[in-house]
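**Q** Straight out of Swiss-Prot:
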BINDING   Thr8, Phe9, His16, Gly87, Leu88, Arg89, Glu97, Tyr122, Ser123, Phe124, Leu125, Ser126, Ser127, Ser128  ATP binding site
BINDING   Thr8, Lys40, Thr72, Arg86  substrate binding site
SITE      His16  site 'Transition state stabilizer'
Amino acid sequence: MKILYPGTFDPLTNGHLDLIERAEKIFGNLVVAVLENTSKTPTFNLERRIIQIKNSLSHLPNIEVISYSGLTVDCANDLKANLILRGLRAMSDFEYELQIAHTNKSLNNDIETIFLSTNTNYSFLSSSLVKEVAKFGGEINHMVPPPVEKDLKEYFK
């Protein structure tokens, strides 16, 4: 069984990291798929985001980090992954993620989506919120892993 955890991760937050660590305990392995989203201009380019994630996950040897573009369901098909992992912070996340899960299922009936609720310590976090705090010099060390914190401070100085 291969599990795919897709996202833009611009940047990776401690909420993402917590979800990855918990999923690794449950499933034993995981593929973190970093989306190259051509409709958005990311703060960090794809290569930098992958480096940040790999450096943040160095303590988890069973985690693979890849990049992809296009549909997540196509990425899952290419990897022969039959499970897509998504995190839920609030009810609004559930409504959005359920719609995506149903769309993926309509494109490939063998794909299942598994939802893990976010640890309450991180339920307020989003990548855009972290960038906003970093932009104005706020403390972010409790929001992101050290490799990401370093890059954000450098980016916004």
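Each Cβ is built from the backbone N, Cα and C atoms, and glycine gets one as well.
Would you situate these features in the structure and describe their surroundings?
**A** Annotation note: Leu125 (ATP binding site) sits in a coil segment as assigned by DSSP.
Within 10 Å of the C-beta of Lys40 (substrate binding site) there are 10 other C-beta atoms, taking all protein chains into account. Under DSSP, Lys40 (substrate binding site) is assigned to coil, being neither helix nor strand in the three-state scheme.
The Cβ of His16 (ATP binding site) lies under 8 Å from the Cβ of Gly7, Phe9, Gly87, each of which sits 6+ residues away along the same chain.
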**Q** At its widest, how many Å does the recorded substrate site span between Cα atoms of Thr8, Lys40, Thr72, Arg86?
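**A** Largest pairwise Cα separation, rounded: 20 Å.
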**Q** Since the record lists Leu88, Ser123 as binding-site residues, which of them has the fewest other Cβ atoms within 10 Å of its Cβ?
**A** Ser123
**Q** Looking only at DSSP and grouping its letters into three states, which state does Leu88 (ATP binding site) belong to?
**A** strand
